[in-house]
Amino acid sequence: MADHSSSSSSLQKKPINTIEHKDTLGNDRDHKEALNSDNDNTSGLKINGVPIEDAREEVLLPGYLSKQYYKLYGLCFITYLCATMQGYDGALMGSIYTEDAYLKYYHLDINSSSGTGLVFSIFNVGQICGAFFVPLMDWKGRKPAILIGCLGVVIGAIISSLTTTKSALIGGRWFVAFFATIANAAAPTYCAEVAPAHLRGKVAGLYNTLWSVGSIVAAFSTYGTNKNFPNSSKAFKIPLYLQMMFPGLVCIFGWLIPESPRWLVGVGREEEAREFIIKYHLNGDRTHPLLDMEMAEIIESFHGTDLSNPLEMLDVRSLFRTRSDRYRAMLVILMAWFGQFSGNNVCSYYLPTMLRNVGMKSVSLNVLMNGVYSIVTWISSICGAFFIDKIGRREGFLGSISGAALALTGLSICTARYEKTKKKSASNGALVFIYLFGGIFSFAFTPMQSMYSTEVSTNLTRSKAQLLNFVVSGVAQFVNQFATPKAMKNIKYWFYVFYVFFDIFEFIVIYFFFVETKGRSLEELEVVFEAPNPRKASVDQAFLAQVRATLVQRNDVRVANAQNLKEQEPLKSDADHVEKLSEAESV
């Protein structure tokens, strides 16, 4: 049996800077050799008396249904409400743009890119503009960014509701989009940063499932007002007013949430971060073996950089500084584009037009079908959020996008068949494939769309990665929504065929480049991205075990050195006291 005490004591004598991040893990050529070398020295090490091989095992932490996490879930639920804003807007505009009262009120043409298309796409312009202010959440914190964003959406919703002209409506929608982007960037970042590694898939994944809740409320409120106030401005004005409901709730209850522990460490408030972890991760246990380890990992990840430093906060060059940074940025860009350009935006915003193209022309029926579509996607996304930590991110993406391509193939065939024959069976088949597409796509992409970009980013670049994410997704949505009315009118079902081939392209890219993040701490992922091939490293279990052992050893050294410093302080004071007594006696 190894002599644990001798191993620990030998490490305690080493200064903390003997294990350097770059020297140990930064050289691609010697990457695995360095990890193997570090791993050889980890035998017998403990953290607070717990062997390192057990330090990250979930046996030390309860499951997601444990009562100790209820407080954490309460915090996250408040931020989840931010996800409803884009879902509400998508279903709202997708429901009201076919209403005659709405089209006449604002003098719009349903197939006009400069009319209906512009009203839709201005939201994406506002999103792109708002994205450039996302890094400000590094300045004052995630919580203020969430609150300011939601307050801005409330004001924008009031403007949109009171307007009587198309220009004012467009302005109000830009205002909503601008501030919704700030809140929608800060909220998933907050969820990813406050969640323990073994729960992050569920905690952060559930965030975007409330996109469908906003969509459901918008669709059915529009359906209700359309039934009760036909041919009246109330049919679309009331849903426009209701757009402020969810962000208003965040403004009221958002003051109750504490700040993200990772942001607190990034601005030097380490004790507050430690208290957060003790309270929300470890059920108040100040002696838990993972406390010092988690804190040490977070502290090291910032490399002494002040997160709120204006020069650092606005410097987007950090997204592309190193090879691993560029790989991360590539994944953020791909995820942002794929999340909006897989055919899902067409279904979200233009479902009524899709239904009209297969013979379903009743406005109230189309609005109702829009609501049912939202329910289908919501249920599927919740299932995905709970399974994503079991099947993994890569398998989830690959399964969803391949299923989506098959569903769009079926939709293309049924739509083409209906155009030729006008048969009811073809129309019903198209409806089935629309819902199949929504359910399959939402299973993986909805819970992971906002989560994945935060997972693959570092603590230092997460806000800037969100900037990149929202700019790219905004451009993708703008292209989609501005071009879709014309495309659906002119090329009809061939528009769906285009997305079939694009989804196949996505499958290939995801298979060869996307990194698996399941179960890794955000700090462990930093090591994965430094590997010569991050995608291969992320699924190499032997490599990941070495990474974990290396990080645990590093943390053990830090803890030991910190304890030594604390022990030396009283000894020093005692020595001074004895020296003073000796001087007094000699006098």
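Glycine too: its Cβ is placed from the backbone N, Cα and C atoms.
Topology note: PHE236 and SER450 are separated by the membrane (different topological domain names in Swiss-Prot). Counting every protein chain shown, the number of other Cβ atoms lying within 10 Å of the Cβ of ASN231 (N-linked glycosylation site) is 11. Looking at 203-223, 331-351, 371-391, 425-445, the range that has the most CB pairs within less than 8 A of the transmembrane segment (73-93) turns out to be 203-223. The transmembrane segment (371-391) makes contact with the transmembrane segment (203-223), as judged by at least three Cβ pairs under 8 Å among residues 6 or more apart in sequence. Sorting the topological domain 'Extracellular' (416-424) by DSSP state (H, G, I as helix; E, B as strand; all else coil) yields 7 helix, 0 strand, 2 coil. With helix defined as DSSP H, G or I and strand as E or B, the topological domain 'Cytoplasmic' (446-470) counts 19 helix, 0 strand, 6 coil.
Within the same chain, residues 89, 93, 97, 106, 108, 144-145, 166, 169-170, 173-182, 185-186, 189, 313-314, 316, 349, 463-464, 466-471, 473-475, 477-478, 481-486 sit at least 6 positions outside the transmembrane segment (117-137) and bring their C-beta atoms closer than 8 Å to a C-beta of that stretch.
Here the listed stretches are 144-164, 203-223, 395-415, 425-445, and the one with the most C-beta pairs under 8 angstroms to the transmembrane segment (494-514) is 395-415.
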